[in-house]
Every structure is written in structure tokens, then in C-alpha cells.
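Participant: Below is one structure. I have some questions about it.
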Amino acid sequence: MAAALTDMADLEELSRLSPLPPGSPGPAARGRAEPPEEEEEEDEEEEAEAEAVAALLLNGGGGGGGVGGGEAETMSEPSPESASQAGEDDDEEEDDDEEEEDESSSGGGEEESSAESLVGSSSGGSSSDETRSLSPGAASSSSGDGDGKEGLEEPKGPRGSQGGGGGGSSSSSVVSSGGDEGYGTGGGGSSATSGGRRGSLEMSSDGEPLSRMDSEDSISSTIMDVDSTISSGRSTPAMMNGQGSTTSSSKNIAYNCCWDQCQACFTSSPDLADHIRSIHVDGQRGGVFVCLWKGCKVYNTPSTSQSWLQRHMLTHSGDKPFKCVVGGCNASFASQGGLARHVPTHFSQQNSSKVSSQPKAKEESPSKAGMNKRRKLKNKRRRSLPRPHDFFDAQTLDAIRHRAICFNLSAHIESLGKGHSVVFHSTVIAKRKEDSGKIKLLLHWMPEDILPDVWVNESERHQLKTKVVHLSKLPKDTALLLDPNIYRTMPQKRLKRTLIRKVFNLYLSKQ
């Protein structure tokens, strides 16, 4: 046993001083030693077994444990914790190898079973008799303490898949090109150094080692938690340590004075309004007041009213000093007129709530277009409704009939003029004889004062006894003498009503 420990120390020192060839594992892959009783009983058999195994491993490119000086190291009984975690494609081979290892340990050193477990095992860890061997492409991990204590060999990461002739990563963190990449979850994906330092492993909360996939899942879940924390606006520890800072949602709004040659800036609208009122409005003298606000539509337009300028500047400052006096209402207005229009709405709402328990929302706050539409519908409905009082009674009908008869007797519109012409009758009021011997007669037309008197020959007297003239050809100034309703200036509705009445009177006169 002492000789075996001495050889182990010599091999470790040689591995430190001389570089190892690719594919050969360092002494960090050694396992636990068996008890002295087993070593003495099977010393000779295991020496031959170790030499055969070492030759097979070196010829096959696999990383076997360092065996030298003819001294063999005993193989420890495998424990559940000493089995390295393999990739997903090597699960079946790992189960078979574990069964073979159990048989070899229980059989007391059978050469064939131990050789198969050393050469064909796909689990991590380089070994001779003392440690379990790594298959080609696997990463070895250190387990030796250097003082003969039993050290548990645990994997640092998942092995690469077995490839033909590819060496695993050695104890000096050398990764061969024949196998897949070996990832270490603890210290950057390499095995422990040859100095016997124990590789760091990621341990779960219950003490079990984490595989590569478990570690990656935990890392990805941590990253997702951080992303969700940042997106939701919560402060992360990194932010609290100064690596990040949360910005406040509220921003200070600056109110700048845009008056010509004024660079004042305020933090609130009332302060800006006081500044404009005291400096720019009240400071103007001479009876002429102008607004010098940049971009104003009445820029530099003179006015004689200072109160107008004060009200106008409220549109620039945004201040609304006129607040509603009704309790519970927070409305404010830029002008007193707006406040005066707002206050009655509170009382109208109270009255409407008494009349109707469910007032319409549109009536409480109607738009201008809605008001005009309702007004038109209301007026249309009012015109269509029948009138409650009708003053066209029998007495009125008799008076209209009398006036129609008198008008017809004087103008003969209905009897001779067919309803649209006036019939004039002539009478001789004078007679004269000219120098040529002709006799002239002066005719006077009835109804009077409509047509002027005219001189005609005596031979034309018979033809001019009557004269029919259309109403449209009568002079307007004299046509009103027939009846005041002719050419009377009145609204269109009353004119239409009058014409209907005239037609009705004429119809009655025919009866």
C-alpha cells in the first residue's frame, strides 16, 4: 500500500513537470483506494490487469489513469455519487456499465468484468484500478485529496458524445478535436488541474450536483426573471447598487414667456400669468395696448382696451383664475363669461333631476350640432301640429265675401276679366272741335284713378266703351288703389295665405 501511494505521488509530480500527450488523462482522474486486505490477496492478478487495461486505453486514444512502475492501483467500489452524469444519448450504456461494475466489485477482482467496466464505460472520470475511466471525448474531473482519504468523484459537466478516436479534455484543461465540446458548469468548461485541486460544482438546494441542462435552465430562468423585472418597472438589486437607476414618471414642465425680448421661465401657469399681467400688460402706457407674444394672431395689433389685453393674455399663459363657486365642482375658466355660462348648468341639472330621475346624458352636455338638429325637429313638429284656435268663423267669412263682391263690381275682374284682368268702363266728360273739323272726346275710365283720361276721335267712341287690362300691366303705384292686397309687400308666408284667401273668396262669389 505504501509503495502504491509512493508511485501515485511520483506520477503526479511527473505530470506537473512534463506535458501530457493529447488524449492521456492526468493523475487528477484517480479514484479511491481499496482496503489493504483486498490489495494483498489480489496483488498479482491486478498488476497484470492494470497493464492490460493501460495498454488498451493508450492504444485506443482514451484517457486512462496514469499507471507506471509496475505498481497497480486498486479499484474502489463504486458508489451512487461517484457515477458521472452523461449525455442523453449515453443513458443506456451507463446503466449497463454500472451493472458490470457492481458485478466486478462483488466478485472480488474478476479480470474480464473489471476490464469491460474500465474500457467500455461511458461515464466521466479517468481511472486505472483506482478510478473509473473516461470514455473517449469525456471530460475528467479531479477527486484526489493527496492524503489517502476517500474522495468522491463528481462530474463538472456533461460529457461529449463518444466519437471514434477523440480524446477528452485532460487534467490541464486540454480539449481534443475528436469529440464534442465538454461544458463545465462551474469554472468555464474544463477539468481540474493536475495539482489535485478539486473542481467546483454547482449544487442544488438539496445537495445534489446540477447537470449542464439543469444549470442552463436555472441560468435562463434567472435571465427571464431579470428581464421581466426590468420590463415591469420594478427595481432590481443591480439597479439599487447603482448599475441602473429608475427614472421618475413625472417631469417638470417649464412655462416660458414668449414675449418679445423676454426670457423668463416659470414652473407653474399662475406664476407665468402674474408675470405677464404685472410686467407686460400693466407696464404699457399711453392708452394703446398691444400683444407682443411670438406667434400670436393679433401680434402687435393696437387696442385701446387694457381689459381686453388682460383677458387675451390668459390664452397664452393657460391660467384659469375663475373657479366655480358651487361646492364639489373643480371647474375653472379663463374668463368670467365662461364661468357665468357654467354656473347655471348646476341648477338646471338639479331641476331636471327633480322632473326626471334618469336625465339623458346628451341633454346635460349637448353639442352644437345636436342642439341645431333638435331645434329644427322641434320647429318642424310645431308647424305640423294643428292650431288650437281658428278665427275663420262665419262672421269673418261674410266680411270677406262682401269685400270680394264690392271689388268685383268696381273692377269686374271675376265677371269679365276671367280672374286676372281688370275691365275699365269709359264715360265722356268733354268734347271739342279742332281746326281741321274733327271732333274729339275726352274719356274717363272707371274704376277711377287707375287709368288716365284720354282724348279719342268721335268715331272710336263705340270701340272704347270698355277696356280690358291685365293686372301685371297696371302701374304699381295706381294698382294698389284697386285693393290694398295687390302688390302688397309682405312676407312670403302671408302672401301665400292672402292669395289662397282671395281664391277662396272668388270661389264663394261664384256660388
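Cβ from N, Cα, C; glycine included.
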Participant: Which of these ranges is annotated zinc finger in Swiss-Prot: 322-346, 447-471, 472-496?
Facilitator: 322-346
Participant: In the predicted model, what is the mean pLDDT computed over the region 'Interaction with SUZ12' (401-472)?
Facilitator: 81
Participant: Mind checking how the zinc finger (322-346) divides into helix, strand and coil residues in DSSP?
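Facilitator: Across the zinc finger (322-346), DSSP assigns the residues as follows: 11 helix, 4 strand, 10 coil.
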Participant: For the region 'Interaction with SUZ12' (401-472), DSSP counts of helix, strand and coil?
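Facilitator: Breakdown, helix to coil: 16 helix, 30 strand, 26 coil.
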